[in-house]
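Here is the structure we will look at, set down as C-alpha cells.
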Amino acid sequence: MFRVTGIATARAVALQPFRAPLGVIRRFGISATASYEFQHGHDMQSRNGSRWDSRRQGDRRSSRWEGRGSDREDGERGSRGGMWRKPQGRRGRTDGAAREGFSLGPNTEVVRVADEAAGVESTPRTLVEEGVLSNELYEMLQSRGFDKLTPVQQKTLKPILQTEHDVVARAKTGTGKTLAFLMPLFQRLLEGPPSENVKAVVIAPTRDLAAQIFNEINEMRNANRKLRRFNAVVMMGGSSRTETFRSLERRRPNIVVATPGRLIDMLEACGPKYFTEVDFKVLDEADTLLEIGFKQALEQINDILNQLNQKGTTHIRTLLVSATLDDKVQSLANSIMNHAKCLFIDTVDPNEQATNENIAQKVVISKDFADNITASLYKIREEASANPKLKAIVFMPTIVAVEYWGELLQSQCRGTPVLLFHGGLSQGRRNSTMKRFRAMDSGILVCTDVAARGMDVSDVQHVYQVGVPTSPDNYIHRIGRTGRAGRKGSSTIFLAEHELCILDILRRKNNVVISDQETFDAAAQELSDVREAFSLDRDRLHDFLLKNLSFYRGSQGEYDFPLEAYISIARAYGTLLGDSNQRLTLSGRMLTTFVPNHPAVCSLFNIIGPVNSKSSYGFRDTNKRHRRGRLDDSGRLEYSKKRHSYARSYSPSISDGF
C-alpha cells in the first residue's frame, strides 16, 4: 500500500451565478447551456427536449461591458446590451487545490497521496510483479511500444487500483492522463465476473474529446485479444439517437463514453436495462465541463446512476480528472462523490509553472491590432516556407476569424495544407478534418478553442495563438496541443501592446513567465503582399474586425482592456486597406454591442442612426477625461502608470515582470 499525508479539513464553498448570458439566449428564452450546445457542437439535448439551465457558477467574473452575443464559442462569454459598469479588474481565480489543499464537504475526508508513496518509480513490469496490473494490460502496453509509464500514470495507477475510494487527480494536459484512468477500468473488468451491462461511464465535455477517448479504448482492445471481449460505445449529440439504441442493444457495452446531454437522454430512456451495474464514473476535463455549464447535468447523472445501481446508492466510485482545480471543481466533487474518503492526487508541482516544461514559449509583440494580425500571417507564412515539414495549430478567438484569417493563410502558404476547424462545422466534418490532420506529415490547422482541450495530435510541432485566448486558463490548454508524450514543442503568441495584460495574469496566477520576447517592427519588413491580401475582400475584413470587437467586449471582465484596445481595432480597418480615411460602419442601435460609447472610440466609426441614449460608457465626459486616463492632443489615451503599467509603450524585457 501507499502512504498518505495531509488530511484536509472540510470547508464550505460559496458560489455566485454567472451573470452574462448571450443576447440570443435572453431574446429566445433558451438556457445558456442549450444555446451553447446548439451553436457550438456541445451535447446538451435531453430525450424530451428539456432544457438544462446549468448556469455557470463560481467566482469567474462576468463581463461588465454587456453587448449582444457573437460567434464566440467553447468557453467564451457572451453579453447583452445595457449600461456599462466599471470594470472590476481581473485578479484571476486561485487554484485552491494546489495552493490551499483540496477540500470537500463535512461528510467526505480528503486524503492527499504522497508522491513518493504513489509509485513514482513504477514501471509496467513492476506493477505486474506487485499484482497491481494484469498480464493482459502489460502485454497491451508492450504491443503499443509503451515500455515506461508517464509520471501521471505512475502517481495515479496504484492509488486507484489498491483502494476503493473516490479519486480527484490534477494533471497537466498531454501527460498520459487518459490512459491513467482507462487502465484501472480494464483492470477491474478483467478481475470481475463477465457481464453484459455497463460497468464504467466516462463523461467528456465535447463530442471531439468523447470520440478521442473512444478511439483510445479501441486501440487498447485491439492491442490484446483478451481485452476485445469488453465492448465500448460512444454516445454524443449530433449522432443518431436510434443508432445509439442499436449500439447499446447489439454490443452490450461494458464501457460507455458520453457527453452529458446524450447520457441523460439514454439514462432516462433505457437506464434500468443497461446501467444497473455501474462501478465507475469518470469525469475527464472536469474544469471544461463546468466552464461550459454542465454542473447541474452532472449532478443529475450522478443521482440517476446512484438510484439505478443494484449495489446501493453509494457504490459507484468517482474518478475526477482536471487540469485545474478551483473552487468550482471542488464544489462539483463535493456534490457527486459517494464514498466517505476521497484521494487527492496532485501530479503538478506547486512551484512548477502550469505549462509543460517541454514547450518553448515565445511572445511576439506588435504596436497595435493591425500590426499584430499582419505579424501573425507574415511570421507563420515564413516559418512554413522555411520548414516544409511544419505541423502546427493556430488558435483564433472566433469562427469568423478562423474562416477569414485561415483562408488568407491558405492563399499565402501555397505548398502547405491549411485546414479549418471550429464548432460551426457539422460533427462529421469535424471528425473528418481531425482525421485528415492527424494523418498529415505536415500542415496547419486553424481553429477555435473547440480543439484546445483534450484533443490529441501527437506530432504537432508548434502552437500559435493570435491575440489573447478566450480566458487565461485556455492559454495553458492551447499550448498543451504540442509537447505531448515527452516530445519537444514550441508555442508562439502574437499580442498587441494593449493585450499584454495577459502576461501579468499568467505570471501571477499560473507561474508562467514567457522570457523569449520579440518586438515586431512592421516598418522594417516587406509586407506589401501581406497587406494586399487583407484588402482583397473589404466586406469580410469589415466583418472580421467587428467580430473581434465583440470578442473584446465579451472578454472585458477577464482582461479589463483599456479603451486603446477598441481604438486600435477601429483604426486597423483603414491601416490594412492602406487608406486611413476608411472606417468601420456601425448601427447606432448596435453601437454598444461592439464598443464602449466613448467619444474617443465613436469618432472612429461611421455610425448610422441614433445611438441608444440609455447605452453609455457610464459617464458624461465634457472635458475629454477618461475614467482611467486622459486623451492627449493627438486623441490617443494616456494612462496612469499605477493601474495600467502594461498599457504603456512597451519595450520587452524580463525586468518588466512578464
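Glycine residues also receive a Cβ, built from the backbone N, Cα and C atoms like all the rest.
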Which range is it, out of 284-287, 432-435, 652-655, that shows up in Swiss-Prot as motif 'DEAD box'? 284-287
Looking at 126-154, 474-502, 532-560, which stretch does Swiss-Prot describe as motif 'Q motif'? 126-154
What is the three-state DSSP composition of the motif 'DEAD box' (284-287), stated as helix, strand and coil residue counts? 2 helix, 0 strand, 2 coil
Quick one: average pLDDT across the domain 'Helicase C-terminal' (372-528), no decimals. 90
Take the motif 'DEAD box' (284-287) and find every residue of the same chain, 6 or more past its ends, with a Cβ under 8 Å from one of its Cβ atoms. 177-178, 181, 202-205, 209, 213, 320-326, 328-329, 332-333, 453-454, 473
Tertiary contacts of the motif 'Q motif' (126-154), as residues 6+ beyond its ends and Cβ separation under 8 Å: 118-120, 161-162, 169, 171-172, 175-177, 179-180, 183, 186-187, 190-191, 219-220, 223-224, 226-227, 347, 485-486
Structural state census, the motif 'Q motif' (126-154) (DSSP three-state): 17 helix, 0 strand, 12 coil
